[in-house]
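Among the features that TrEMBL reports, active site, for sulfotransferase activity is placed at K16. Annotated 3'-phosphoadenylyl sulfate binding site per TrEMBL: K16, G17, G18, T19, R20, R99, S107, Y207, K222, G223, R224, P225, H226, in sequence order. Taken from TrEMBL, the feature disulfide bond covers C208-C217. Taken from TrEMBL, the feature domain 'Sulfotransferase' covers 7-245.
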Amino acid sequence: GTSRQIPQTIIIGVRKGGTRALLEMLDIHPNIVVAATEVHFFDWDENYVKGIDWYRSLMPFSYGNQITIEKTPGYFTSPQAPERIHDMNSSIKLLLILRDPTERVISDYTQVYYNRVESHKPVQLFEDIVIKNGALNTKYKAIQRSLYDVHMEKWLKHFSLDQIHIVDGNTLIKDPLPELQKVERFLNLPSRIVSSNFYFNQTKGFYCIRSDGRERCLHESKGRPHPLVNNTVLEQLYSYFREHNAKFYKMVNHSFDWH
């Protein structure tokens, strides 16, 4: 009695915002099934041309009372994704998980740094990438990805605000349950995720998941220590994002506790 369904909900981003944590935590819910990998259907042309049946073939099998969720963090910053998702399903519900934009930039750098170290490629200091000729390098991709107002504007051309639920990534890591209960309500699902589904792992420094008698933590690539960043550089980043954050808060009628 199961079949593969096109997702009724998509986690559209943001990269290094906590998308994997959100997906794994929602997977606890009996009425949710999740795609195993990031599909990159709506942001990569070479996948999009394969068509909707190819997309559906990558989804898990589900029962009629379950909703299918996929997550691809690249969607949020993709120029094509909003229109393409709207063409597939104009009434879809979208989940967007965000964190402090400066923290997100440092986390983005950290992931690339470790990937380069593991591949024996040369690495640069954070400050050497972020500062060019004494000024902030605003063309740095990681900074561009943190301009939430710029990207959100594209989504709001195709979707109404009540179709997009914003999850606070900073809060999800510190206290997962309230954020997940908001998602349950947004998706009109019965409340099934409870506090006993989580336990704090002292070694890793974040919450891990307990469900169906199993315990699991996010991959070791998650929660890696960030480099210590020069205070002057931090202040430059905070200052640069301040105006963008203010615009974003106005756009979504909600403020966040960001620098």
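Keep in mind that glycine also has a Cβ here, set from the backbone N, Cα and C atoms.
Caution: TrEMBL annotation is automatic and unverified by curators.
Values in this document were obtained by computation on a predicted structure and should not be read as measured data.
Neighbours of S107 (3'-phosphoadenylyl sulfate binding site) among the recorded positions K16, C208, C217, defined as a Cα within 10 Å of its Cα, are K16. Put simply, of the recorded positions K16, R20, R224, the one whose Cα is nearest the Cα of C217 (disulfide bond) is R20. With respect to their backbone Cα atoms, C208 (disulfide bond) and R20 (3'-phosphoadenylyl sulfate binding site) stand 12 Å from each other. Look at the Cβ of each of the recorded positions K16, R20, R224, H226 and count the other Cβ atoms within 10 Å; the largest number goes with K16. The Cβ of G18 (3'-phosphoadenylyl sulfate binding site) lies under 8 Å from the Cβ of I97, R99, V167, G169, L172, I173, each on the same chain and at least six residues away in sequence.
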